[in-house]
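Asks: Please see the structure below; I have some questions.
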Amino acid sequence: MEWDWNFVWEIMPTLIQGVKITILATLLGSVLAAIVGLGIALARRSPNRALSRTVGFLAEFIRGTPLLVQLYFIFYVLPDIGILLPPLVAGVIGLGLHYGTYTAEVYRAGIENVPRGQWEAAKACNLNARQTWTHIIIPQAIPPMIPALANYFIAMFKETPLLSAITVLELMNQAKSVANTYYRYIEPITLVGAFFLAISLCSVVLLRRLERRYGKIER
Amino acid sequence: MTQWSGYFGLILQGALVTIELTLMGSVLALFMAFLAGMGRLSRFFVLRALATVYIEFFRGTSIFVQLFFAYFVLPFAGISLTPLQAGVLALGLNVGAYAAEVVRGAIQSIGREQYEACTALNLGRLQGMRHVILPQALLVMLPTFGNNAIELLKATAVVSLISLTDLTFQAQVVRAQTGNTMVPFTTILIIYFILALLISWGVRSLERRMARGLDGVRV
């Protein structure tokens with residue numbers, strides 16, 4: 001089979017539609033992952049042993065099992081207990097929870113990277129816990145986290161094709177349906193690869209910039 | 001009453017396929033990791049360029065797209081692969097690209113003085129690599145390799161989408177035949193988690209064994 005440029009132009013609008021959903025899912029998933037990760041990191045630091053252990057185990061469990069199976073679980077099993085989610089919402093929740101367990105590690109490393117002396121200094125200045133966090137710890141912990149977080153968001157972007165398995169009409173799904181309609185696989189799937197390569201190369205350039213600006217986190 | 005024992009046998013068969021894929025994919029990934037990781041450190045520009053293109057390409061595109069490309073597009077180029085071959089190829093090449101960066105980082109993390117010692121002992125480049133640098137670098141690589149192997153295990157779930165009968169695929173079969181979603185998906189989540197625990201336990205004990213006799217050498 002030959003590469004057909006006319007066909008490429010014909011299917012382009014459909015694929016662009018898919019790219020939009022892919023990017024939307026990545027953005028929403030990233031926001032959720034950032035929040036979930038913070039929650040996990042804080043819960044693991046909690047003096048309440050039961051809470052920190054439980055959250056720790058759940059995070060390990062989510063990180064040790066495939067995202068695809070988790071998506072199936074959210075999309076197919078939860079309706080059994082009365083929680084019916086639209087595909088995109090289920091997908092975003094899956095991405096957010098899965099990557100939240102990774103971003104939790106970033107937060108943990110970021111917080112631990114703030115030298116002990118800063119905590120002691122805050123105490124010496126008679127700051128309470130809230131003031132210590134908002135004025136001393138967080139402003140120093142966040143900047144080095146940014147590149148590491150971005151790294152995981154790029155990884156998440158590359159996992160969004162999994163959402164096609166739970167019927168989200170993102171890039172991969174659009175390409176597959178186009179391919180099945182015209183019985184041509186070369187152009188749609190190659191284009192999907194090209195889109196991913198293009199977007200992730202751009203985001204890698206952005207990541208390098210973030211790293212130069214904020215420094216790399218030591219883990 | 002559903003015949004759970006028969007269905008459980010089906011899931012176990014799936015587990016065997018998942019394990020087989022993980023092992024074969026890991027071997028290919030390990031091979032590619034050393035090939036490309038060493039390639040990036042080569043004296044020859046062509047080797048460096050080849051390794052860089054391989055690593056950036058496979059890290060830049062989604063494993064999902066690579067799998068579909070291997071399974072649906074390569075046949076048009078005259079390369080027909082069975083689902084298992086396509087799965088091992090995509091998993092191995094993808095994870096190999098990530099692990100190649102680990103190999104490079106670990107070799108570069110070995111101090112200058114070790115290289116100088118090699119020169120002082122009149123060891124050739126290959127001899128120095130083989131007897132001095134790699135034994136120390138391997139220990140640095142191992143923990144990250146363990147994480148990579150778990151990532152590979154999780155990525156194997158994707159092959160169910162190209163009709164390979166792994167754990168996830170069998171769970172779908174059970175779901176279709178029994179109408180029960182909770183039991184099969186919960187079971188495979190637990191099996192995946194146990195497999196991940198096994199990998200991290202295995203890597204940790206391997207690490208302990210390899211660290212023997214290297215006390216005091218590592219900084």
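Glycine is no exception: its Cβ is also placed from the backbone N, Cα and C atoms.
Unlike curated records, TrEMBL annotations are generated automatically.
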Asks: In TrEMBL, which of A:81-99, A:119-137 is tagged transmembrane segment?
Replies: A:81-99
Asks: Tell me if the transmembrane segment (A:55-75) touches the transmembrane segment (A:81-99). I count contact as 3 or more CB pairs below 8 A, with pairs 6 or more residues apart.
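Replies: Answer yes: the transmembrane segment (A:81-99) meets the transmembrane segment (A:55-75) with 3 or more Cβ pairs below 8 Å.
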Asks: In the same chain, which residue numbers or ranges, 6 or more beyond the ends of the transmembrane segment (A:55-75), come under 8 angstroms Cβ to Cβ?
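Replies: Same-chain residues near the transmembrane segment (A:55-75) but 6 or more away: 40, 43-44, 85, 87, 90-91, 93-95, 97-98, 100-102, 104, 159, 162-163, 165-166.
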